[in-house]
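Copied over from Swiss-Prot:
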TOPO_DOM  1-86  topological domain 'Cytoplasmic'
MOD_RES   19  phosphotyrosine
MOD_RES   20  phosphoserine
MOD_RES   23  phosphoserine
MOD_RES   27  phosphotyrosine
MOD_RES   36  phosphoserine
INTRAMEM  87-107  intramembrane segment
TOPO_DOM  108-162  topological domain 'Cytoplasmic'
């Protein structure tokens, strides 16, 4: 119990060669990915998901568990994270990809065939609507506002302090 003086040898056998004992998976450089296979996150959308054991469980300097407990909990954390991710992707990846594909196809279709023609039609009609609106404001609203303004301009207030 206490501060570790020896370096513990922990080995986890996984099919990923990029496993790190420090913080979960180590992400290789893009050049290394290009040679070894397909880069599944080329735009680094999920770079914030580099979550390791030390990010979740941490013991302060004043209180440490037994070294073997710390090593076993670290190994169990990494194994359970790896296995649960694989298990969840087996059951959720295909249905969620299917739903996302339907959603994006629907949104693309609506944007291409409904929204953009509507916007273009509005932009074509707007110059004539603008001309009609300018005529209505010049004929009806401008004289009304002018007469109300003249009526209120003749009102004067005098304050007296008695």
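Every residue, even glycine, has its Cβ placed from backbone N, Cα and C.
Counting residues per DSSP class in helix, strand and coil order gives 46 helix, 0 strand, 9 coil for the topological domain 'Cytoplasmic' (108-162). The average per-residue pLDDT of the prediction over the topological domain 'Cytoplasmic' (108-162) is 91, rounded to a whole number.
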